[in-house]
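Listed in TrEMBL:
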DOMAIN    B:24-470  domain 'Amidase'
ACT_SITE  B:Lys79  active site, charge relay system
REGION    B:133-153  region 'Disordered'
ACT_SITE  B:Ser154  active site, charge relay system
ACT_SITE  B:Ser178  active site, acyl-ester intermediate
Amino acid sequence: MPYDEALERFEPVLGLETHVELGTVSKMFCGCSTTFGAPPNTHVCPICLALPGSLPVANVKAIESTIRIGLALNCSIAEWCRFARKNYFYPDMPKNYQISQYDEPLCTDGYLDVQVEGKTVRVEIERVHLEEDTGKSTHVGGATGRIQGADYSIVDYNRAGIPLVEIVTKPVEGTDRLAPEVAKAYVTELRELLRSLGVSDVRMEEGSLRCDVNVSLMPRGSSTWGTRTETKNVNSLRSVERSVRGEIERQAAILADGGRIIQETRHFHEDTGATTSGRSKEEAQDYRYFPEPDLVPIAPDPAWVATLKAELPELPSVRRARIQEEWGVSDLDMAAMHNAGAIGLVEATVAAGAPAADARKWWMGELARRANESGTALADLPITPGDVAKVTELVASGALNDKLARQVLEGVLAGEGTPEAVVEKRGLRIVNDEGELSAIIDQVLAGNADAADKVRSGKIAAVGALVGGVMKASRGKADAGRARELILEKLGVEG
Amino acid sequence: MSLIHKTAAELGRLVASREASAVEVTQAHLDRIAEVDSKVSAFLHVDAERALEQARTVDERIANGDRLGPLAGVPIAHKDIFTTDDMPTTAGSKILEGWRPPYDATVTRRLREAGLIILGKTNLDEFAMGSSTENSAYGPSHNPWDLSRIPGGSSGGSSAAVASFQAPLSTGTDTGGSIRQPAAVTGIVGMKPTYGGSSRYGLIAFASSLDTPGPFARNVLDAALLQEAFSGHDEFDSTSIDAPVPPVVEAARQGDVAGLRIGVVKEFGGEGYQPGVLARFHETVDLLESLGAKVVEVSCPTFGYALPAYYLIAPSECSSNLARFDAMRYGLRVGDDGTRSAEEVMALTRAAGFGPEVKRRIMLGTYALSSGYYDAYYGQAQKVRTLISRDFEAAFHQVDVLISPTTPTTAFPIGERADDPMAMYLADLCTIPSNLAGNAAISVPCGLADEDGLPVGLQIMAPVLGDDRCYRVGAAVEKAFTDRWGGPLLSKAPAL
Ligand SMILES: [Zn+2]
């Protein structure tokens with residue numbers, strides 16, 4: 001069913017579960033490295049391979065990071081809580097239980113405010129808890145890359161036992177047609193918050209930030225929530241948005257036909273934007289949670305928690321408000337910068353000496369356009385804030401005009417070196433040599449006698465064509481203002 | 001007296017003073033193993049070459065003037081549930097047959113560092129689940145007092161090895177009585193330290209909140225020396241207590257009960273107890289009074305619920321702890337012929353690799369933890385556990401230690417209870433409360449039952465971290481009885 005029609009008939013309720021791999025040096029319960037990309041099964045030991053007799057010891061740094069995340073999300077921190085075992089058999093989980101938290105999470109009842117189309121939406125956080133990641137299975141052969149139908153599977157336990165924080169929202173109601181945007185804005189904001197805390201590298205493509213999206217629909221006018229589905233494998237911000245939209249359309253079509261939604265896990269497919277059915281929750285396993293007897297309860301000292309709170313860095317939303325004030329930017333421009341991921345870049349460019357307005361102009365103008373063209377994120381363009389600051393400096397000093405500056409940026413992006421190097425190589429400096437400029441003008445005047453006559457006869461507006469000729473002849477390097485002055489002077493006309 | 005009949009303390013002294021070499025001491029025990037273990041079946045694995053190599057190293061170090069601990073050069077047998085990086089570790093199960101751990105348990109490592117010589121690994125009920133060693137996948141061990149009877153369990157190989165002079169010392173683990181009961185029925189000393197006082201790292205888990213490594217020896221002082229050698233905080237075990245080891249050796253040397261308040265647990269005795277066991281127990285109570293202790297009766301009304309609570313908590317934890325035996329990374333693998341899924345191979349392996357008692361407990365525990373039953377079973381059992389701890393606390397306000405028979409009967413014949421799990425579970429009736437509460441408890445010999453001439457054990461229970469009290473009272477009882485009997489109880493055991 002088309003999205004607009006779906007929204008006319010139904011109201012969506014959202015829920016988001018986000019898993020974040022913490023960037024601790026060692027794993028959650030052993031001393032193994034957490035570095036991504038090592039050869040398979042090299043970051044393993046008796047503990048994370050669950051050899052008989054081995055025991056877990058909790059990583060205090062991971063507990064600290066979880067508390068900091070909870071504090072940044074305005075949560076209450078438990079004075080006493082325990083790990084719990086979540087029991088189920090799966091080959092990539094060495095113990096065949098996951099050490100997680102169940103009814104005693106470390107952090108509860110917080111919120112995160114996000115901005116969508118100039119509106120503030122408060123997403124309430126139900127819980128933030130700490131657990132361990134599983135290994136990574138690769139299913140070889142078969143059509144789907146899933147375990148069903150595969151010829152064989154191989155398991156890499158490097159990831160097994162990496163600390164994982166799960167952040168679960170309360171159901172988000174009242175988003176209406178903005179549900180996809182709210183979901184995306186929430187994950188974006190959360191990612192920035194986690195990055196600012198320095199607790200994770202939050203790379204969705206490497207799986208260090210993973211998102212499960214819950215969607216249910218209720219008919220307009222009803223206050224009873226519908227059955228929800230949980231979409232997994234949503235691996236980019238764009239996919240978060242697409243999966244919510246797609247799921248609203250899919251569920252609306254079923255409900256409109258008088259069907260019923262099955263409570264199930266669905267898999268998102270990046271290529272088609274569609275979801276397919278995974279295992280049904282109705283046949284879901286009983287995880288037989290019970291308190292982990294190999295670990296002692298976590299009882300964070302309130303003084304320590306207070307210190308962690310006092311030492312939290314400036315959070316992204318606070319920082320944005322401050323920057324907006326400092327730079328005097330409109331809400332709309334600020335939102336545009338935020339969505340483009342440009343705030344940090346502009347800030348760094350300002351820090352490198354550029355005026356805020358100029359820094360913003362280049363990042364949100366020329367560079368945003370080029371990023372868009374090449375389908376890359378602004379931050380991934382091969383240019384540094386220092387380069388951009390240098391370009392603004394060259395413009396301010398009169399060494400470049402905007403047109404030349406764009407060519408310099410193009411050169412930097414093409415890998416031709418620093419802005420100075422590009423200016424040098426491409427010979428882009430504005431022609432300031434009066435002699436050279438004068439010669440070019442003489443040449444242009446000689447070739448455009450008609451226009452010169454018009455100017456002489458008082459039609460000053462005709463000088464534009466002559467200046468254009470000079471710019472063309474100098475391949476854009478002439479200072480247009482100076483050229484105009486010299487032309488008028490040579491033709492004996494007062495400007 | 002031959003080397004194998006000496007105490008561990010004496011052997012340590014002889015090796016340190018170079019009156020005997022560690023190699024001689026080790027060889028004497030290896031000879032004894034060769035002579036009698038075909039009858040006793042205490043060992044699952046003996047490595048004579050490795051033992052002699054370790055003994056030579058100790059001798060060299062002593063010759064070089066290295067100062068080693070009091071047990072350097074003394075042989076020991078490890079229950080085959082502690083990992084050893086140079087020997088197989090099976091936990092008495094087919095599912096781990098041939099598995100060689102790449103790492104040492106903390107207990108193993110610390111004892112190696114203290115210079116003890118590992119003779120081999122001893123038999124046990126599969127994954128320490130049982131009271132007789134009949135649940136071992138490798139066949140039962142035999143009681144040196146009567147080879148047709150059980151040596152207790154689950155650490156029955158360790159008790160049988162020490163009682164038959166194949167090793168002066170051995171290690172065991174006690175989850176519901178698995179050290180104290182085997183010690184009682186073989187006439188030796190077995191101690192369950194305070195939970196957390198000895199590290200579980202490298203101990204293959206049965207029930208994590210209950211499992212406790214502890215020592216076996218033929219006398220109280222030797223047990224104390226062994227406990228001291230492997231005890232103390234271990235950063236690899238989160239539940240290990242970061243506190244000084246109680247002064248167990250000093251207490252074992254002191255051995256006096258004058259002025260001590262001793263409580264007899266009212267609930268342990270009467271119906272279901274063998275008359276000969278009760279007779280020896282009452283005799284011991286009289287003995288303690290004659291030694292100057294004040295003996296009173298103490299009621300611990302919740303102890304009657306300990307057995308059912310235990311049989312919910314221990315299987316629940318075991319159902320989760322044993323999930324890792326899935327054929328994926330180590331151990332047995334059945335049915336991996338390229339046509340079956342991982343799930344099928346897991347199921348076939350577990351079906352073939354686990355014995356009936358282990359399966360029974362996995363099923364019990366899976367049921368007790370399942371959704372809708374958790375509160376009624378696991379949750380309720382945890383509440384009982386709290387009440388039992390409170391009973392202990394209240395009792396230890398009145399008295400310094402509690403005493404009871406270690407086990408209601410003497411060693412029963414092999415096969416007698418094999419098909420009756422409930423009868424088998426009753427063997428741990430008196431020992432389980434201390435596992436649930438985590439406090440210290442020891443079993444020391446207190447005579448032979450009149451009707452069968454088999455050993456009876458006295459259990460002495462002390463508060464958490466009050467391990468020294470167990471040794472103090474145990475040593476006093478041992479000294480008085482040795483005087484009365486004209487020698488240790490084991491001297492009355494028939495020759496093998
Ligand atoms: Zn590891």
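Residue numbering: from 1, along the chain as shown.
Placed from the backbone N, Cα and C atoms, the Cβ positions cover glycine too.
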Residues that sit under 8 angstroms from B:Ser154 (active site, charge relay system) by C-beta distance, when 6+ apart in the chain:
B:Gly92, B:Leu124, B:Asp125, B:Ala128, B:Met129, B:Gly130, B:Ser131, B:Thr133, B:Asn135, B:Thr173, B:Thr175, B:Ser178, B:Pro182
Would you mind listing, in sequence order, the residues at least six apart from B:Lys79 (active site, charge relay system) in the same chain with a Cβ closer than 8 Å to its Cβ?
B:Lys121, B:Thr122, B:Leu124, B:Ser155, B:Gly157, B:Ser158, B:Ser170, B:Thr171, B:Gly172, B:Thr173
Taking the Cβ of B:Ser178 (active site, acyl-ester intermediate) as centre, how many other Cβ atoms lie within 10 Å?
36
Quick one: what's DSSP say for B:Lys79 (active site, charge relay system), helix, strand or coil?
strand
Per DSSP, what is the residue count of the region 'Disordered' (B:133-153) in each of helix, strand and coil?
0 helix, 3 strand, 18 coil
